[in-house]
Amino acid sequence: MGQLNLTKIIDLSYQRLSHFVIIILFWSLLWSLYGDPALPVGGHLFHLIILFIVSCISAQMCQLIYCPPLFGSLIVGFIYGNVSDVTLNTEVSSMLRSASLVVILLEAGLELDPKVIRKMSFVCLRMAFVPLIVEVLAITFATYFLIDFPLKWGFLLGFVLAAASPAIVVPGMLKLQEKRLGVDKGIPTLVIAAASIDDIMAITGFSICLGQVFTSDTSMAWTVLKGPVEAVVGVVAAIAIGIFLWYVPKDKESKLERIVLLLLFGLVSMFVSQSLDFESFGTIATIVLSFVAAIKWRDNGRDKPILTTLKISWSVFEPLLFALIGFEVKISDLRSNAIGFAILALIIALILRTIASMVVIIGANLNLKEKIYVSIAWTPKATVQAAIGSVALDLAQQRDDPRLKELATIVLTVSVLSILITAPLGAIWITCMGSRCLKKAVPIEDTPLQECNTICHDLKT
């Protein structure tokens, strides 16, 4: 036993040494390419590396105490962004956050089960629309009565807050799928699919409301149609790309080319959508193209090496993504005197959203524990709120209107609070309550012979 422990310690030491050498070589490469930005004094690239290292260590420490790793990364980023005077390059941070999202969205698309989506499509649509509308209305009227917030701005705030965070929900659901928790009832697939549509609707509603509260040269018709057009174009383009990937590369053993093409198509979709100001196009296209590609790949097991590669990539990107999200949450933004009432409005909206979610999944053949778990599992806020929470304030500052600045500051304040409150709690709920609320599906090879015969008979009939 002692010999085994010593061998394990030696192996771990060599692994840590290799990690250290990789970091030193990576820093040396950055320094040779960029010079001063990679130096310790005032170098944003150097501080980005330090943030990544500390977030990885914090994530591993959280695992030791059975806490979600992303919670540690989120807290490290929050402390790093508020306690230190370090500033990161906003363009580099945004690029890394987007690249991280591409990795996890591609993995989510590969993991989606077409059979479950066909079976639960109506439930999925109900989950995507009804809770979102309920939360938007709750935020709108709660802020109107509690802090006299204008109705137009209330709707804007509601759509900012209503989007569930794919960066928290998707990894949590994929881990459930790995453990086969809730798989027999399609719970991970249902939540991922509904959350994707939910984000599209939230961003669409936000775009429409933004055109209402600010004077814009854009026509009202385009403001209303922009979101749906983005979604339709994204789906059509993604389906075309996915079918293309069925046949290119033609060689079934071309694993590397297939992985590279999938990643590049996902990255191009995300970054082109951002450059064209088509926010929802990139997200929906990325997840749909991998889903369509996997339909054909799954027949010959060609999706497995790609999934393995994406999982390894995600182990690197996960601490970086959540550290950068935490870094964007600034205490200095919490300067409104309406914070207490805004928190109350947020809590009311989340409670009503949870109740609405439980109601709309009545026909999904889930028991009470499963309904409660699903309803709470997709309330976390993070990615979308960090991305669009400050948009209204940026526009208000351009107008140089004190009233607009005051209203936009409240939007940003509540967005920040929603991340601080729901992201850690949601992540802990998804990770810790999955084994208590969901049943573990038994692989078909582990079922008794009689049950297998029954399944085969059902398939034939």
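Backbone N, Cα and C define each Cβ position, glycine as well.
Feature annotation from TrEMBL assigns domain 'Cation/H+ exchanger transmembrane' to 53-422.
Feature annotation from TrEMBL assigns transmembrane segment to 17-34 (among others).
Annotated transmembrane segment per TrEMBL: 40-57 (among others), in sequence order. Distant neighbours of the transmembrane segment (40-57): 23, 26-27, 30, 34, 72-73, 76-77, 80, 86-89, 92-93, 96, 319-320, 322-324, 327; these residues of the same chain sit at least 6 beyond its ends, with a Cβ under 8 Å from one of its Cβ atoms.
Residues or ranges marked as transmembrane segment in TrEMBL: 64-83 (among others).
Tertiary proximity for the transmembrane segment (95-112) is limited to same-chain residues at least six positions away from its ends with a CB under 8 Å from its CB atoms, namely 48, 166-167, 170-171, 173-174, 177, 188-189, 192-193, 196, 262-263, 266-267, 269-271, 274, 282-283, 286-294, 303, 306-307, 310-311, 313-314, 317-318, 320-321, 324-325, 383, 386-387. Annotation source TrEMBL lists transmembrane segment at 95-112 (among others).
Among residues of the same chain six or more beyond the transmembrane segment (124-147), those with a C-beta under 8 A of the stretch's C-beta atoms are 117, 153-155, 157-159, 161-162, 190-191, 193-195, 197-198, 201-202, 205, 338, 341-342, 344-346, 348-350, 352-354, 356-357, 359-361, 375, 410. Here TrEMBL flags 124-147 (among others) as transmembrane segment.
Feature annotation from TrEMBL assigns transmembrane segment to 153-174 (among others).
Under the heading transmembrane segment, TrEMBL lists 186-208 (among others).
Distant neighbours of the transmembrane segment (228-247): 200, 204, 258, 261-262, 265, 269, 273, 278-293, 295-297; these residues of the same chain sit at least 6 beyond its ends, with a Cβ under 8 Å from one of its Cβ atoms. What TrEMBL lists as transmembrane segment is 228-247 (among others).
Taken from TrEMBL, the feature transmembrane segment applies to 259-275 (among others).
Residues annotated as transmembrane segment in TrEMBL: 309-327 (among others).
The annotation transmembrane segment is assigned in TrEMBL to 339-362 (among others). Within its own chain, the transmembrane segment (339-362) is flanked in space by residues 123, 126-127, 130-132, 134-135, 138-139, 142-143, 146-147, 158, 161-162, 371-372, 374-376, 378-379, 410, 413-414, 417-418, 421-422, which lie at least six positions past its ends and keep a Cβ under 8 Å from the stretch.
Using a Cβ-Cβ cut-off under 8 Å and counting only residues 6 or more beyond its ends in the same chain, the transmembrane segment (407-430) has close neighbours at 67-68, 70-71, 74-75, 78, 147, 149-150, 153, 156-157, 160-161, 165, 168-169, 172-173, 176, 213, 325, 329-330, 333-336, 338-339, 342-343, 345-346, 350, 373, 376-377, 379-382, 385-386, 388-390, 392-393, 395-396. As annotated by TrEMBL, transmembrane segment applies to 407-430 (among others).
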Contact between the transmembrane segment (309-327) and the transmembrane segment (153-174) (at least 3 Cβ pairs under 8 Å, separation 6+): yes
